[in-house]
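If you look up TrEMBL, you'll see 26-53 marked as coiled coil. According to TrEMBL, the domain 'THAP9-like helix-turn-helix' annotation covers 72-122. Residues or ranges marked as domain 'Transposable element P transposase-like RNase H' by TrEMBL: 132-265. Annotation source TrEMBL lists domain 'Transposable element P transposase-like GTP-binding insertion' at 300-419. The annotation domain 'DDE Tnp4' is assigned in TrEMBL to 657-812.
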Amino acid sequence: MNILKTGKLRHSKDVPIEAQQIYRVAQNIRKTAKRLDRELATTKRRLKEAQNVLLSEDFLKLKLNETSAIFFMGQLKNQAISPKGRRYTLADKTFALAVMKQSPKGYKFLQLIFALPSRKTLLNLLHKVPFKAGVNVHIFDHLKLTAEKMDPRNRYCIIIFDEIALEPSIQYNTGADSFDGFQDNGTESTKVPIIADKGMVFMARGIFKKWKQPLSFYFNKGGMKSDMIAHTLKTNIIAAQSAGLEVIGTVCDQGAPNRSAINLLYSETNRIFKSRDQENRLFGFLVNDKEIVPLYDPPHLLKCMRNLLFDHDIEYEIKGKTMTAKWEHIANLVSLDQVEEDTDYRMLHKITNLHIQNRKKMKVAYAAQIFSKRVASLLRGLARLSPHNIPTNATETAELVLFMDKCFDSVNGSKYVQENRLRCAVSKDSPHFDFWLEALKVFESMRCLRSNGSKYKPPTIHNWVHTLKGFRYLWKKFQKEGVTYLSCRNINQDPLENFFGAIRSHAIDIEDEEDPVPSKRRKLPIRIENYMERVIPNLSKQQFQMHFRINYVTYTKLLPIIANEIKKKDIVGRPLIDIDRQLLAVLWLLATPDSFRSVGERFNMGKSSLSVSFFRIIKALNNIAPKVIVWPTGEQVEAVKEKFSNLAGIDGVIGAVDGTFIPIKAPKDDPEVYICRKCHYAITLQGICNASLKFTDVFVGYPGSVSDTRIFRNSDIYNAVTENVMEYFPNGEFILGDKAYPCLSWCIPPYINSGNMNAAKRNFNLRVSQTRQSIERAFGLLFGRLRRLKFLDMNRQDLIPATVVACCVVHNLCIESEDLLVEEFINEGIQFVRGNLEREHNGRGNLFHENGTHKRDQLCQRLFDVMD
């Protein structure tokens, strides 16, 4: 409002003199107000424009990548809306599905922070995508769009294929209104009402750029036949070529059906050239008038070569000499190395009995560790310098080991520059091409020797020859096209093996999902209803032991003991749970790494109820521990001494002591104290056992960083013996420890090798090592039988020692009954134990008592005199 009109004045000159100053101030205020109004309006307009720009996809794409922009827009739109009112675009669901595929457990956590679709929504989306056995056209249509954007050289690829074992089952697919699980090779004519147990998967893998894409899958009973493999392989190659990919070869294992399928394709190619009246000069076979070079998976060939050497002596020619390689030379080398009890001083610390027993026949790491430069050099060196330990002809075995190491390096290189030139990528200046030529001569001369003296050439050797020729052929072909280097590691089945591993992991991740993805996308474990009522009563005694890792006789003895310790109580107001159900569920938990949820479902128990039962059973087992884990007394002492004496001739031994790590979760309080020398969180179990592998004393709970010596000096047995040694060792008996333990009158360790050990001391150390194998085998049996000890994933730290003691109680009870699977359990757990044995390898600072050293010297001399 005008100030002059308010005062009924017509002009500023009419303002009285005494009010003019006020008038001027008012005018200035009015002008300032108008200016601020204009600035406010401008700011509001600019702010609105900025908000519109900020929320626009174009602006977000300038600052973020496309995926991040989609996720950010979705959060802005849905975060303030209630979960049931949220709406998601296809891009939102696709992004969320990718996250859930990586980790369903992680996705569940992210749902607490971000606005994400529910799992049911995502699974419904998957059900709408048609995936059938055989070639799916929409996959290749999308692949074609991707290939068009790729550099021409990056389109070069190989087709890899392999089979995965499936649990036979039938599942109803609601989306397709059909039953899945029958044999299906992609066409109506190949659908057979036979339940399938194998799945064949074809995958494309880039040669010069790291990419991979599953192409198709098929279901069969007992594996796909060779003629069908040839047909489906051609179908996938043609489909990949039509999508714009340059397929240059195939990779598969050397199974008989695969070899037959490749031979069928070779025969077809020969017929094509014959019909054209032309000579076939190709190394590979023709598909769609383009050459495809078939190769065999190098890691698979290496495994099979190791298995050949295990079963047969191998005769071969190298460096102009005929040589014979024998597995027994490698076995002797490992046995000689294992005489050294201290694992840190072993020359072959990675080689275990599992390598020599060849139980893990299809494990690449075991084959690669046997065929290594270290094994070859040690075998050759000892054969030349120590012929009384390793025969001189073991140098011939060393030559084969080193040769196979070089062969595998040459077809497994990845980096352009590498210290080992055969392990780098193939290039113009690398030695690969010439080495392969020499290697072909060696393989072509190889023969396996049968027990009757005859010789034969198995398929593995033929396939090594074929594969090396294939690599040479491909490299010459690529060189003509201007390729400067080739990474051979991109030509194997590894991506497909990883793909199968991912499928198996997802089968566990969503086991509690009400509406699981159909079996065509993943294989889910089948939940067994009424397991207690229908399955367990029908198990044989051997099947019962395989399931629960204890024999049935031990279970029947343990059940009334636990029943006496536990009184039946309502758990959170629910009906009573039978003691046998509780005990079997807890035994399953101790015997497997299965989650509480999955075990609870198996035994029809809630997760919280099972947790309460677990605590009760563990407490009950600890209550009976003093009656089960007992020190030998009276007549038992003589029986124990006799058994130990039979092992290596040392009289007076009534126990072997050692410590081992129990891996655990990171504790909340002082976690760094629990980090052991193996760089993981652990507590230490100190055990003393007799020759029957039965624990006579256990002490558990100290953090993994604490040494064996300190744990021993603070243990209950040490304190008790210090107060009254005659109660535990009345007639001068003693226990055997390793170099970390003090030398006392009742605890004898081996001599420390300071470079001046005589023959008597070496003999004594060897006998101590042979006798102390009892504690290693006892730990192996404990971890092999009760596998949860390999990692105690428990939040209650106070319950961990009690759980370990309970496992030791179960272990002792099982030993009291006849157990047919003891050796199998020991072999399963011994490798884990050897990697986790807590040993202090420098014994110089340990306690040496005069009586102890004198007693050890007497034992040493007595054993040496007996040997002479």
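The backbone N, Cα and C atoms fix where each Cβ goes, glycine too.
Most Cβ pairs within less than 8 Å of the domain 'Transposable element P transposase-like GTP-binding insertion' (300-419), among stretches 72-122, 132-265, 657-812, belong to 657-812. Helix, strand and coil content of the domain 'THAP9-like helix-turn-helix' (72-122), in residues and according to DSSP, is 34 helix, 0 strand, 17 coil. Secondary structure of the domain 'Transposable element P transposase-like GTP-binding insertion' (300-419), assigned with DSSP and counted as helix (H, G, I), strand (E, B) and coil, comes to 68 helix, 11 strand, 41 coil. Look at the domain 'Transposable element P transposase-like RNase H' (132-265): DSSP puts its residues at 46 helix, 50 strand, 38 coil. Regional average pLDDT for the domain 'Transposable element P transposase-like RNase H' (132-265) in the model is 90.
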